[in-house]
Amino acid sequence: MPALWLRCGLCLALLLPAARASSGSQVCDCNGKSRQCIFDQELHKQTGNGFRCLNCNDNTDGIHCERCKAGFYRQRERDRCLPCNCNSKGSLSARCDNSGRCSCKPGVTGDRCDRCLPGFHTLTDAGCAQDQRLLDSKCDCDPAGISGPCDSGRCVCKPAVTGERCDRCRPGYYHLDGGNPQGCTQCFCYGHSASCHSSGDYSVHKIISAFHQDVDGWKAVQRNGSPAKLQWSQRHRDIFSSARRSDPVYFVAPAKFLGNQQVSYGQSLSFDYRVDRGGRHPSAHDVILEGAGLRITAPLMPLSKTLPCGITKTYTFRLNEHPSSNWSPQLSYFEYRRLLRNLTALRIRATYGEYSTGYIDNVTLISARPVSGAPAPWVEQCVCPVGYKGQFCQDCASGYKRDSARLGPFGTCIPCNCQGGGACDPDTGDCYSGDENPDIPECADCPIGFYNDPQDPRSCKPCPCRNGFSCSVMPETEEVVCNNCPQGVTGARCELCADGYFGDPFGERGPVRPCQPCQCNNNVDPSASGNCDRLTGRCLKCIHNTAGVHCDQCKAGYYGDPLAPNPADKCRACNCNPVGSEPVECRSDGSCVCKPGFGGLSCEHAALTSCPACYNQVKVQMDQFMQQLQILEALISKAQGGAVPNAELEGRMQQAEQALRDILREAQISQDAVRSFNLRVAKARTQENSYRDRLDDLKMTVERVRALGSQYQNQVQDTRRLITQMRLSLEESEASLQNTNIPPSEHYVGPNGFKSLAQEATRLADSHVQSASNMEQLAKETQEYSKELMSLVREALQEGGGSGSLDGAVVQRLVGKLQKTKSLAQELSREATQTDMEADRSYQHSLHLLNSVSQIQGVNDQSLQVEAKRLRQKADSLSNRVTKHMDEFKHVQSNLGNWEEETRQLLQNGKNGRQTSDQLLSRANLAKSRAQEALSMGNATFYEVENILKNLREFDLQVGDKRAEAEEAMKRLSYISQKVAGASDKTKQAEAALGSAAADAQRAKNAAREALEISGKIEQEIGGLNLEANVTADGALAMEKGLATLKSEMREVEGELSRKEQEFDMDMDAVQMVIAEAQRVENRAKNAGVTIQDTLNTLDGILHLIDQPGSVDEERLILLEQKLFRAKTQINSQLRPLMSELEERAHRQKGHLRFLETSIDGILADVKNLENIRDNLPPGCYNTQALEQQ
C-alpha cells in the first residue's frame, strides 16, 4: 500500500504542473524529434519552461532534442544525426565535429582516425608509433613502385611490383616506371614468352611535326573521309582548318606516325591545339587510332568541361590500355599491342561546330630506335623458349614453322614435319630439299619417346624418360635431355620438382609423391627462388613476420592473423616495454603480459600506490556519493520490510535527485565552456588563415616585381649584345674591304686602277662605323633619360599621394628632361639621315662602276648585261629598304612629339590628385615603351645600313669576278649573235602562233569560270534547302522550350562572325596577292639568267602545246546537273517526311506536358489536404499511460 501511494503521488506531482501549463502558451519544444515530454519542476524554475523531451529520435539528445548524442554529428540543424564511426584505437574520443572528422591520436590521420601518418605504423590504442628496432619502420620504399603511403611499416607495392622495398618487377613484367599505374610493363613477346628485360640497344626517338616549312604531309578530311582544306601559317608555323558547317573536320597524320609503332607502347602522344569560334564541347571521338581491324577513341578533356577558346594548350595521351588513359573501348593488353603493330590511321579533331577553326602544332610521338643515345628502357628484350628467336620472339627458329601463317608473329611455332627431320620454311612450312640442306645427314624418323643415336642417325633409341616423355640430344655435349616435362617437374630426366614445387616424382628418396605447389599461404616472395624445400615442402623464406612449416604462424614478438589477405593485417610487432613485460611476447590480441608492479597497454607504467593529488577532490565527492547510495540502499531495504516511513525515503530520494541535478548542471557548464573555447580557437584559426593568405599575396606581388625587374635587365643586356655584334660586323667588313682588290671604273688600265675607289669605300665604311657609334651613344643616353623620367614620375606619384599635388620643381625638372630627350631623338634622326645619304652615295658609286664596266671596249656579252641588271635591281631594292626604314624612323620621331604632349598633359593632371597621378604613371609607362620602340627601330635601321654596305662590297667583288667571264665571252660573241638572231625569228613565229592559242585559252577559262559559278549556285541552293530544314526543326523545338529570343541573338552573332570572317578572307587574299607578286618578281629575276639553249627548248615546248589545244569540260557540267537533280530528289524523299515526323513528335510532347500538368495539380491538391490535416492536429501529445508505467 505505501508503494502504491508513492507511485500515485509522483504521478499527481508530474501531471498537475502540466495541466496548469496547458492553459498558457508553454508546449513541448522537441525540434520535431520527439512526440513525448515530461514536466520538470526544477527545469521550470530555471528556464520558465518545465517540459523535458523523452525518447528523442534521429540519434538526438538534450532537453529539447537539440543536440546529437555522443558519437554522432550533423552538418545542419534539422538534419539527421549520423554516426561518427571514429576508430576506437586511433581517436581520442567517440565525438567528432560538424563535418564528421574525429580527433586523432598522435601519428594517426584520416576522417575516422583509421590510418597512420606517413612514416608511422602499427595502429594501437596508443596511436601509431615508429619502432626504431625494425628496419621496415624506415619505409625505405622505391617511389616508382609504391601505390600509397607506408602505414603499416611496409611498402605497399603497385600490382606489377614486388620486393620489400617495391623495387622489383614481378615475373612476366619489366621496366619499373613511376608513371605507369601498374608499376611495370607486361612482357609482350607476341605472347610466346613471359620472361623479358629492358633492352640496352635502343635510344629515345621523337617523331615530330613542328610545321616549320610546310604542312609536313598532314591532311584534313571530313568525317565521311572526303578531303577538306588544310592551310599552313607562315607566321605562326602551324597548320589549321576551318569549317562553316557543324560536321567535324579531322587532321590526318602522315606515314611517319603510322606503321609498326610497337616501341611506342606505354609512351605519350602529345600536341598543341587551340580552337577559335564554333562550339567548344569535347566529344568521345576527338582523337582516333585505327589499325589491325581495331579502332579506339579518346576525348581531348573530360566531357563535362569546355575547351578553352583561343588558348593554345598541350594535350597528352598515354598509349596503353589502362583505364586512366581514357581510351574507348578498353582493349586488352594484346589487342592494344596488335593495334600499335599495324597503325593505319591517326586522326585528331580540328573543328567543333559551325564557323569553327582548329590549329595544331608540335605533334610529338615518343618512340625508340636501335642506335646509340639516351636509353629507352621501355623496349623489351625477350628470353625466347625453344622454337622461337628474335628480340621479341617474332620469328620461328630453325626446324620450326608457323602453325597458322595468317597470324604472322602472333602464330605458334611448331616443329617441322619433314622426312628425316629436315628443316622447313618458317612461314609456309614447306620442307627444304636435300640439296638445300647439305649439312643435315639423313636421319631416321623416330616416334615420340625415341631419339636418333648420334653415332648412328639411322637408328632410334628409347628416351631415358618415364611416362613416355619425348627427348632430344644436346648438340654440344650429345647429352640426352627430356623435353616437355609436365608442370612443376624439371631435370634432365624429369626426375626433380621445379622451383616452387615439392615432392618425389620417381620415389628416389621414399614413396612416389607427385610434384605439387608449395603451401606457404602467400607469405613468400613469388619472384624469389628456393622458397621451399623441393623434397619436404617446408617453407624456407617466410616474409610478413611469419614463421612455421607453412608460414602460418607469427614470429616470436609478433601477433595478428598470418593468413590475412592484406599484408598490413598480418603479423605486427607486440611493442611491449622490455622492462615492464614478460619475455618479449604478447597475447594473440597484442596485449602484453606485464610484470608485477607494472601496468598499461605496453606495460610501460609502474604501479601506483595511490592516486595523484589532483584526484583528491574527485575522490571526496565520490565517497560522499557512495555514502548516500549506501544510505538509500538501507532505506529501501527497510521500506520493503515496512519499518521506515515513506516521507523519510522520499526526502532522501529528493536529496539524491538534487545531487544528480547539480552534477548535470556542472557538466553542462563545463561543456558550454569547452564549446566557447572551441569557437574562440576556430576564430583564431580563421584569422590565422586570413593573415597567411594576405602574406602569400604579398609574396606573390614581390616575386612579380622581381620578375619584371629581371626581364627589363635581360632586355638591356640583349640590346647591348646586339650593338656589340653590329660593331664587330662593321669592323670585319672594314677589314675585308681593305684586303679587296677592286677593278677600275673606267676602261681597264691595270691592277691598281681602282685605288681611289677603294679609298673612297674605306672612308664610307669608317663614316658608317662612326655613325653607328654615335647612334649607340645616343640610344644609351635616351635610355638613361627614360629611366630618370620614370623615377621622376614615381616621385611625383608618391608626393601626389601624400599631399594631393606635385611639387613645382619636380614638374620643371621633368619637363627639362623631356626636352633633352626630344633633342636627343632629333639628333638620332639626323644621324640616321646622314647614314642614309652616305649609303645612297655608295650606291651611286656602285652604279657608276657598273656603267664603267659595261663600257669596256669590245665587250657586248648579253649574259653579263643580264647579271649587271640583276645586281642593279638588287641595289635599287636595298635603297628602297633604306628609304622605307627612314620613313619608319620619321614616323617614330613624330610619335615622340605625341609623347611629349602626352607627358605634359600627365604632369598637368598630376597636380589634381591621386587618381590623376595613377593615370600619369600609366601614360609614362606608355611613353617608356615608345622610347624603347624608337631605340629598337634605330637599331634596325643601323642593321639595314650595315647589310647594304655588305651587299655593295659583295657587288664590287662580283663585278671583279665577272671580268674574266667577260673576256671569255668576247671569244664567243659572233656565235652568240647568230643564235640570238635565230631565236628572234623563232620568237616571232611563236608569237604569231600563240595569238590564236591565247584566244582559245581565254574562251576555255571563261567557260570554266561559268561552270564554277553554276556549281557555286547549286551548292548555295542546297545550303538554302538545308537551312530551311534546320529552321523548321528549330521552330519545332522553339514551341517547347521558348528559345526564339536566344535564336535571334545567335543569328546576330553568326552574322557578325561571318562579316569578320569575310574581312579576314579579304585580308588573306591581299596578303596572298602580295606574296604572289613578290614570287613572280623573284621568278622573273631568276629566269633572266637562263641560257639561249633553254629559251629554244621552251619555244619548242610551246609549239608542241599549241598543236594540242584544250576544250571545255562539258561532262563536268552534265555531272553537276545530275547532282542537283539527286539533291532535290533527296529533299523530297527524306527531308519532308522528317519534318512531318518532327511535327508529330511536337504534338505528342504537348500531350505529355498536359498530362504532367494534370498530375502536378493533383499532387498539389494532396499536399494542400495534408497541410490542412497538420494544422488541425493538437500542439502536444501526452502519453499518460506511459507515465503510469514508469
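Each residue, glycine too, has its Cβ placed from N, Cα and C.
Now, the feature entries from Swiss-Prot:
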- 1-21: signal peptide (SIGNAL)
- 28-83: domain 'Laminin EGF-like 1' (DOMAIN)
- Cys56-Cys65: disulfide bond (DISULFID)
- 84-130: domain 'Laminin EGF-like 2' (DOMAIN)
- Cys84-Cys96: disulfide bond (DISULFID)
- Cys86-Cys102: disulfide bond (DISULFID)
- Cys104-Cys113: disulfide bond (DISULFID)
- Cys116-Cys128: disulfide bond (DISULFID)
- 139-186: domain 'Laminin EGF-like 3' (DOMAIN)
- Cys141-Cys155: disulfide bond (DISULFID)
- Cys157-Cys166: disulfide bond (DISULFID)
- 187-196: domain 'Laminin EGF-like 4' (DOMAIN)
- 213-381: domain 'Laminin IV type A' (DOMAIN)
- Asn342: N-linked glycosylation site (CARBOHYD)
- Asn362: N-linked glycosylation site (CARBOHYD)
- 382-415: domain 'Laminin EGF-like 4' (DOMAIN)
- 416-462: domain 'Laminin EGF-like 5' (DOMAIN)
- 463-517: domain 'Laminin EGF-like 6' (DOMAIN)
- Cys465-Cys482: disulfide bond (DISULFID)
- Cys497-Cys515: disulfide bond (DISULFID)
- 518-573: domain 'Laminin EGF-like 7' (DOMAIN)
- Cys542-Cys551: disulfide bond (DISULFID)
- Cys554-Cys571: disulfide bond (DISULFID)
- 574-603: domain 'Laminin EGF-like 8' (DOMAIN)
- Cys594-Cys603: disulfide bond (DISULFID)
- 604-1190: region 'Domain II and I' (REGION)
- 613-718: coiled coil (COILED)
- Ser803: O-linked glycosylation site (CARBOHYD)
- 809-1073: coiled coil (COILED)
- Asn939: N-linked glycosylation site (CARBOHYD)
- Asn1030: N-linked glycosylation site (CARBOHYD)
- 1114-1190: coiled coil (COILED)
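Shown on the structure are the features that Swiss-Prot records.
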residue	record	Cβ within 10 Å
Cys65	disulfide bond	24
Cys86	disulfide bond	24
Cys102	disulfide bond	25
Cys116	disulfide bond	24
Cys155	disulfide bond	24
Cys157	disulfide bond	23
Cys497	disulfide bond	25
Cys515	disulfide bond	21
Cys542	disulfide bond	24
Cys554	disulfide bond	22
From Cys86, Cys102, Asn342, the recorded positions whose CA lies within 10 Å of that of Cys113 (disulfide bond): Cys86, Cys102
Rounded mean pLDDT for the residues that make up the domain 'Laminin EGF-like 2' (84-130): 86
When distances run from the Cα of Cys571 (disulfide bond) to each of the disulfide-bonded residues Cys141, Cys155, Cys542, Cys594, the nearest one: Cys542
10 Å Cα neighbourhood of Cys141 (disulfide bond): matching disulfide-bonded residues from Cys56, Cys96, Cys104, Cys465, Cys497, Cys542: none
Cα-to-Cα gap, Cys166 (disulfide bond) vs Cys554 (disulfide bond), nearest whole Å: 23
Maximum Cβ pairs under 8 Å to the domain 'Laminin EGF-like 8' (574-603) - stretch from the list 28-83, 84-130, 187-196, 213-381, 382-415: 84-130
Nearest recorded site to Cys542 (disulfide bond) by CA-CA distance, among recorded positions Cys56, Cys102, Cys157, Asn362: Cys157
Contact set, same chain, for the domain 'Laminin EGF-like 4' (382-415): CB under 8 Å, 6 or more residues outside the stretch: 187-193, 195-197, 199, 262, 338, 421, 423-429, 483
Cβ contacts of Asn342 (N-linked glycosylation site) (under 8 Å, same chain, 6 or more positions away): Gly259, Asn260, Gly291, Ala292
Candidates Cys86, Cys102, Cys482 (disulfide-bonded residues) with Cα within 10 Å of Cys96 (disulfide bond): Cys86, Cys102
Cys155 (disulfide bond) and Cys551 (disulfide bond), distance between Cα atoms, whole Å: 20
Length of the line joining the Cα atoms of Cys603 (disulfide bond) and Cys157 (disulfide bond), in Å: 34
Cβ neighbours within the same chain of Cys84 (disulfide bond) - under 8 Å, at least six residues apart: Gly71, Phe72, Tyr73, Ala94, Arg95, Cys96, Gly100, Cys102, Arg112
Number of other Cβ atoms within 10 Å of the Cβ of Cys603 (disulfide bond) across all protein chains: 22
Cβ neighbour count (within 10 Å, all chains shown) around Cys141 (disulfide bond): 21
Using Cα positions only, nearest of the disulfide-bonded residues to Cys482 (disulfide bond) (Cys86, Cys116, Cys157, Cys554): Cys157
Distance from Cys554 (disulfide bond) back to Cys465 (disulfide bond), taken between C-alpha atoms, in Å: 43
The domain 'Laminin EGF-like 8' (574-603) - residue tally per DSSP class, helix then strand then coil: 0 helix, 11 strand, 19 coil
Candidate disulfide-bonded residues Cys116, Cys157, Cys497, pick with smallest Cα gap to Cys594 (disulfide bond): Cys116
